[in-house]
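Participant: Dropping a structure here in structure tokens format, bear with me for questions.
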Amino acid sequence: LAKVLTTVDLVSLGVGSCVGTGMYVVAGLVAKTMAGPGVILSFIVAAVASILSGVCYAEFGVRVPKTTGSAYTYSYVTVGEFVAFFIGWNLILEYLIGTAAGASALSSMFDSLANHSISDYMITHLGTLRGLGKGEDTYPDLLALFIALLVTGVVALGVRNSVGFNNVLNVVNLAAWVFMIVAGLFFLSPGNWGGGEFLPYGWSGVMQGAATCFYAFIGFDIIATTGEEAKNPNTSIPYAITASLVACLTAYVSVSVILTLMVPYDLIDGSAPLMEMFAVHGFLWGKYVVAVGSIAGLTVSLLGSLFPMPRVIYAMSRDGLLFGFLSHVSAFTHTPAVACAVSGSLAALLALLVSLRDLIEMMSIGTLLAYTLVSVCVLLLRYQPDEEGDAHKPDPGEGGVGEDWVGEDGVAPTKDDQGLIGGPDGDGLRLRLALPDASARPTPATGRTVTRCTVLFFLTSFLLWSTVIFGVEQGAGIGAAFSGLTATLMAGSLAKLLVTIVQQPESGRKLPYMAPCVPFVPATAILANSYLMLKLSALTWARFTVWCFIGLMIYACYGVWHS
């Protein structure tokens, strides 16, 4: 693939794919149905969770720079095929739904511009479908189908032209954002936040909102996906991820503040909130300015979902995990054309049949899981022995010196440890905490210890949060007390696992970018993401399970044999 993207291009791709649907749809939807004005806090919580994951993602990206499949390729190289297939399959789900949601949001924008005449026409002439969602009726959205197919065509035509187009749209989007903030200041009514109206659904609502808002920060993985097309991946990937996350958070928080102060949360329009907020105050000219911005913003985030999807599918089918015909690269455009066509058509079908709200809830779950697995991988990799350096140390069986002798727990004490047992106090602390010496390097035994601890940590965090959410938050009386006790014990065991990990020596390999405070940052990311996943609705989990089941069938019947 052509190496044409600079750091600025990457930030622009990241911000663009975040700020579209997140700003124009998610903010209003979460404020209306989940959190009220507390949506501001939801965005902040989601941003913290995604920054933790983003840092791990960036280190992952630098470990395997020449890649096109983002988290999928990274995990394939570092952890193994099954985890990689699972991550890739979830990323495809996220991009599919992201594309469909973008098309669906654009369609409801045009509908709002035409004073809902488009949807009325479709309902009278085509009837309604029972939605796949909470049973709400949706109409077959032909306009969304058409938009999705059109954008697929643009992406299939090649990279460079899409990035230039992307940068122009981002500027328009930015101008609309500035306009909204400035014009919105004239219509504020602080009463919308008073009298307990700020958190109408309580903290539980804020957290449920955060799980859905997480979707709004997804864009940064497009940065990691384009590693092979970046001029200097080692420096530009981590910078671009950080910059785009900060930019997105600023945009979302400011927009949510203006929106909830202009319109009481229960009167927010569900499908095109930012356009309707000016219309409510009779400022129609403002509505049209926002419309231009949101068409730009949503088009960019559509491109942002459609751009990486064929590349992940291409990477997976090239490795033999998905059907071979998907890895065909067109000689004319140098893009994976078959994968583009297949994924675009699937997304168009989803946009036709499923309502926007259901799409957005579905989107967060696959991503949260993929990012949790990425954090797990970073944790594992830091403590594995380096292939080159450590493989050649003599075996303890070969009658080596004291330094090759291994204690009962399978951890080799270094010369310094043996010398310092009666040594000065400064290093006494390190011994009391049983921390490894600075020069100690991982062995296969310590690597296995960390692997066991990390897998247990991952599973226990899910158990802990299910106990907290379903036992403590929703329970009462004896049951809640018992759940509280169980949760405390689990939290204790999580802490114990972390301490065990800290006591193992880290790999000495220096990378251009390394996540700070390992193992605490990846561990916090795992905890945050698993909590947010469990806050999503039961229906979302049901659909997600079906998707995973289909994936496992493909893997069992095709992938295992052809990889």
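Each residue, glycine too, has its Cβ placed from N, Cα and C.
Pulled the feature table from TrEMBL, pasting it below:
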- 7-27: transmembrane segment (TRANSMEM)
- 39-60: transmembrane segment (TRANSMEM)
- 142-159: transmembrane segment (TRANSMEM)
- 171-189: transmembrane segment (TRANSMEM)
- 201-224: transmembrane segment (TRANSMEM)
- 236-265: transmembrane segment (TRANSMEM)
- 285-309: transmembrane segment (TRANSMEM)
- 360-381: transmembrane segment (TRANSMEM)
- 388-408: region 'Disordered' (REGION)
- 453-472: transmembrane segment (TRANSMEM)
- 478-499: transmembrane segment (TRANSMEM)
- 511-532: transmembrane segment (TRANSMEM)
- 513-563: domain 'Cationic amino acid transporter C-terminal' (DOMAIN)
- 544-561: transmembrane segment (TRANSMEM)
Participant: Of the listed stretches 7-27, 142-159, 360-381, 544-561, which one has the most C-beta pairs under 8 A with the transmembrane segment (201-224)?
Facilitator: 7-27
Participant: Which numbers of helix, strand and coil residues does DSSP report for the domain 'Cationic amino acid transporter C-terminal' (513-563)?
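Facilitator: So the counts come to 40 helix, 0 strand, 11 coil.
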Participant: Would the transmembrane segment (236-265) count as touching the transmembrane segment (453-472), if touching means at least three Cβ pairs under 8 Å and pairs must be 6 or more apart in sequence?
Facilitator: no
Participant: When you scan the chain for residues with a C-beta under 8 Å from the transmembrane segment (39-60), skipping those not six or more beyond its ends, what do you find?
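Facilitator: Sequence-distant neighbours of the transmembrane segment (39-60): 27, 30-31, 71, 74, 78, 206-207, 209-214, 216-218, 220-221, 224, 237-238, 241-242, 245, 248-249, 252-253, 256-257, 260, 371-372, 374-375, 377-378, 511, 513-516, 521-522, 524-525, 528-529, 532.
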Participant: Give the one range among 142-159, 360-381, 453-472, 478-499 whose Cβ atoms make the most pairs under 8 Å with those of the transmembrane segment (285-309).
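Facilitator: When the Cβ pairs under 8 Å are tallied, 142-159 comes out ahead.
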